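Have a look at the structure below, then the notes.
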């Protein structure tokens, strides 16, 4: 049906469908499918040749009779529009595709369709409903921001305030589409934006009604887990200032049948399951409930739970909402008892009369409702029949009993529902007169199921009425738009559903026949249906099904629905027997009895109220006196309430929200086209499109059309100044048919498809220009390429010719060379022949000559051999002689060497003695040396034993040899002839000789092994020494690294602690300033209330207590006025009246007590802040002082270490020399016993030295441990650093004990020296302190004596006056100091142990205070000795002049005034002063004048005058700020003066911390008598309030400029391009003035702020903080607007934005504000601009974006990418895959969850001390101030 209705809007029968045109064709799965025409269409063709998106070919048949061509597809540039009416081709597939693209690709759930907001349920929680989003949409035009439910709510709120007309928001959709949530968010917006001005907190009550209504009216269905089973219309009332004052709720058609029946996979109402889930609570034990599965009414649907829903938790929320709405606990328990009774009623067991036992559930039901069980049991099973003659009681069948039970349960629940609605309305009702209201209608959408019953019929009937109202409203808006623009109005044929409505509600319609059948005693559903067939068979909206006689079909506007007639009559009658109702009326429970009273019994008080409330009791018909049924049927009641609703909606301006359910599986971001199209047809969105398409749907303003399509204009037209005329000329040239467009007064109207045609022309023009550019560029590239080729060709030719020339030359050269070679070759050949002949001749000669020479050689060889034989013989003889001589020489050498060995032994003994002495002096030999020496000793012993054995063997062998020689001689002499005996003797001799040689070999082997072992030991010793040296070197390196690391970690920890302390200080400061801000707002509110009370008091007929004091004035000076932190205002006013307002501002001490009581928290925070600042400065100073000290200690330790290392090297050298000497002697004299004895002696001496060393080491270690313990106990903190610097001294020996002992001795000496120095320093400091104290005491004594002498010289009255004045001054100072110290001590006790130093300082101050008190007492006793009796002080003019004259010579720069002139001073200097009056004088002149007056009051020691002047000054400044709350210049002026007065009070307070930059003259001007620390704190609070007011004024001025100046201002002309806009944009822009601002205007405003603050002398640090706050607000507002607007998220906007930000940065640099941190606050906006300009295709681009956008959160980056929209068709969209890639890369970030920035965030302000160089005596008073009554002193 809709396809036929929409054909005319997009058919192209009159156009030629060319190739490559994209169209939409029907598809059974996707509803509509995109295709592209591949062949031109000509008239008469039976089909179109198409190519689908998957590249498959398709032939689309065409109906020649209807000429039905497919729908054309919009250009890609138009896809994804915020408003569907901005599409050029308006039809069903375009709407569906646009919604799908926005929902799936951009995750946008809201889309405009003309006046309708289409909301698609995402089935996922989205971060788009926070408080920041509400503030972002508040005050914005509807078309300026992205579609949102908040935009619709803001539009309704704005129209209500602008047009003073009531508004309605109609939220509709089928179950599960999100109607309830949308209505809830709309009400939340109104509660936030229109919050009540009183303390009734009505907006919270409005929101609290939602959980109650959801609990009793929502249930789980197959389509929705939280489906509203009733309709409701909530009226939110507003007063004249458009603040919420109350609300009222109407309900429609509660689905009562759900109480007794639920389909499969559905539940009953939530309240039943919530109550069962909480049945274990003690207060619910008497209800007799168990789990929901045990009750029939809650278990029919199967599963009784919902995934992700906690019924017990929801029940707590419901109870809390009841309490918030004022429902008593007793009523709440009664409600729960009734609900439990309904559950028990469902479990009743129907039995025969013979079964006498009563059911336990029946007894529970009766006890819970307080009714009689027997009566209820009887009338549940019987009914009463009344006739004219008599009354019968008849038993009912089982089926009738069940129906009666279910009807009773439904009726009880319906009455309870109505009672709850009434009490909710009562709680939301307000006595204040309602000026206007906004209604939110949350009603069921069009429904069609497989089985449709009475409920669906009523729902669809209501939707028919709403659709009719919607159609007429849309039609009316279109007509108004055309008439306003002056366009001829032609009637548009739109679907009118009045016949369908008449079918239902007209006379003898469906409802009328149904009521008529209900009145028939034996009426049935079949009879009623038969009457419908007979009556309405001819109606075009009524049909009879073919296969059924019990159902009927109604053709609704959305679809045709078949209704089953079964149950219609019963549900319409809603029968409840009168006997059962009477039993409930007689209930003992009052609330139960009240539920079932007739409607006429409603209290009259509810009817007398003058509010426009309309109470509709949902499904609660009244009783007839003598009938079983109620008087009105359900259908009749519903028709009446619906009629009343339509009258209300027609009297308001409606706003429509259509909720769409994207899929039936409840999956997040899944889009089912079939279900979406079905709902779009049903909810009227397509009807809106059809009405728009029938006229002129596309509308452009003349400037936007000119900017968009100026490329289609020629230069001659562009030269004209009239843009309207230019646009008309262009359109007349481009579009020949004048019916396709119309020119309005401010806009151009186009038919459907014309904007697409213009876009095509624009794209063709761009394409032609692109082709021209490409042609020119390509020609240039080709010419450049040709020139390069030509140059290359010439170069190649040049090189080729050169190559040929060189080749010719080479040929010639080779020819000449060949000739030369031939000549040389011939010569060589001839020469070689000659040489062969010559060589043969020479060879013959050589052989001949060789033969002769060899003969001579043989002879010479024979002679040479003979000579050799002679030589060897002679040599043997010579060697024999040599052996004999050598044996004799050996004997001589042995004797000589023995003599030399003895001499060396003596020398070794002398050296041993000297070594022993050396060892005594240098203790600490290594154990390893001892072991090595022992090993050498053992080797020497073994060597000695071997030598002895060898000597014994040698001697035995020699003696045996001698013996054998003698025997041989004897045998030779006796038996020379016995040869055999001689041979045996010779053999024996040979054997002995062999043994001797073997013994010599063994000796040599042992000597070699001994030498090798000795060498090995020497190598081991040397390697050990080298290893120790390497270890020593490594330890040195490790020590240096540790020292450097310790220094680095110490510095880093110090820096981190400082940073942490700064952060904590900033947080405390921000919290403190927020408290001050809240205090200021409460103060202003208190002033407002007091003004209202004063006004009310002045009106006749009322009696109110007067109050003319602000909250700070109430600090004034009576303890009974503010006795607690939370007091009653009326009591305070009465007390002020009793005491008197003049007396309430006089006493200083009472003022301090009141101030302490009222602002105790502020005092504590201020004290803590000052202590933290002091502590921070002290820690920084200590760190700076500790670093050089640490460096000095490190340098000293390095020097000491070098000394020890040099001593260590000396000891090592001496030890090595000793080892070498011992080793040399040992190797030279291994066989000597004397050397071994001397060596053993040396070892014994070393052992004794080692023992003595051990004893000394133990003593040193004991002493060192004692000293170290004492040092650790005394200086725990310093030992941490010293221990980290302790060196590893264990390198002199293996255990390191010698180094430790040496270190301990040196540490002892150093510690003792430091203790002596500390004691000497402390003694000197104490002496200096005592001397200073003595000097101060002497000076004070002299002053007292002088004062005493001067006092004695005066008259007695003056003596009394001065004595009393001094006593009061002393007591005042003592009280001030005591209060200050008590507050300080209280703060310090709450702080951690880090402030121990401050406690010690406090104790010292207390001791000094006690000493001063004692001295003052002594002086007072001396004064009393002179009999000075204090009397009551009087103001004596002459005496005061005497006192002033006494001080006149010492002080200057003071102003004197009389007490009665103080109001005049405040008025002339504060209240009536204009900043222009003092613009030509010294900046902050009022602050200097006030301080000079304070100085004079301090000089004359008049505390009352000081207190009065400061209090009046503060109150005067507050009054000025309140009066000029929107004047930036005045606020800046008094901020500068307040800060200057605060600086003066610090600079001249006498505190050393504030006097470092003072001159000597300024130090003379310091205050002498009063400590004004308390007033400095009050002025600090006032400065903070002043600063916050200044920021609010500046933000209020700048905020309207930001969006248009930063985002929308076209600073670079021609860069941006306008896209087509929808209806919302036009409607929001209409009627609004031109509120656009340029960037230059905003910069001029910033210049104005800067010049005002600089001219008025505001501190530069404060100016920097002001602009840092303003630039943060600029960044937050611009970025939030960017995140909520699709039209500004483009590449061109990014370029414009970056240029605008650079202009702001340039302004900061020009004003020298780059150090303020303002530029850093713009970083998120800069990164957003860069994000819009970056490429968004590849993974490398994603990584670049992630690394660049560090100041943006993940949600913000993804949101900008989703919003990014190409302005021209040449740009590409951001793909979904790229966005997913970004999300994966940013997954590890821990970003805050909120999407928008908090533009209301305020940085904590600091007021750094800024002393003035101006002296008080150099200031002159201008005559224009009228301060002639001030006298210079």
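Just so you know, glycine gets a Cβ as well, placed from its N, Cα and C.
Listed features, source TrEMBL:
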SIGNAL    1-19  signal peptide
DOMAIN    18-70  domain 'Myosin N-terminal SH3-like'
DOMAIN    79-763  domain 'Myosin motor'
BINDING   173, 174, 175, 176, 177, 178, 179, 180  ATP binding site
REGION    642-664  region 'Actin-binding'
REGION    1097-1125  region 'Disordered'
COMPBIAS  1106-1123  compositional bias 'Polar residues'
COILED    1151-1266  coiled coil
COILED    1302-1354  coiled coil
COILED    1388-1422  coiled coil
DOMAIN    1511-1788  domain 'Dilute'
Problem - Long-range neighbours of the region 'Actin-binding' (642-664), counting only residues six or more past its ends (CB under 8 A) - result: 99, 103, 113, 115-123, 149, 152, 155-156, 159, 163, 165-179, 182, 186, 223, 233, 250, 252, 439, 441, 445, 461-462, 465-466, 469-470, 473, 614, 616, 670-672, 675-676, 679-680, 683-685
Handout entry: residue 178 (ATP binding site): tally of other CB atoms within 10 A of its CB
Key = 24
Problem - 173, 174, 175, 176, 177, 178, 179, 180 excluded, remaining Cβ within 8 Å of their centroid (ATP) - result: 121, 224, 227, 228, 445, 659, 661
Practice task
Please work out the helix, strand and coil residue numbers for the region 'Actin-binding' (642-664) from the DSSP assignment.
Solution key: 9 helix, 8 strand, 6 coil
Handout entry: Surrounding CB atoms that lie within 10 Å of the CB of residue 175 (ATP binding site), all protein chains
Key = 19
Exercise for the section: Sort out for me which one of 173, 176 has the most neighbouring CB atoms within 10 A, since those are the binding-site residues we care about. Expected result: 173
Practice task
Go through 177, 179, 180, the listed binding-site residues, and name the one with the sparsest Cβ surroundings, counting other Cβ atoms within 10 Å.
Solution key: 180
Fill in the blank from the handout: For residue 174 (ATP binding site), the same-chain residues 6+ apart in sequence with C-beta under 8 angstroms from its C-beta are 223, 444, 445, 446, 447, 659, 661, 679, 682
Completion exercise
Grouping DSSP H, G, I as helix and E, B as strand, the residues of the domain 'Myosin N-terminal SH3-like' (18-70) number 0 helix, 24 strand, 29 coil
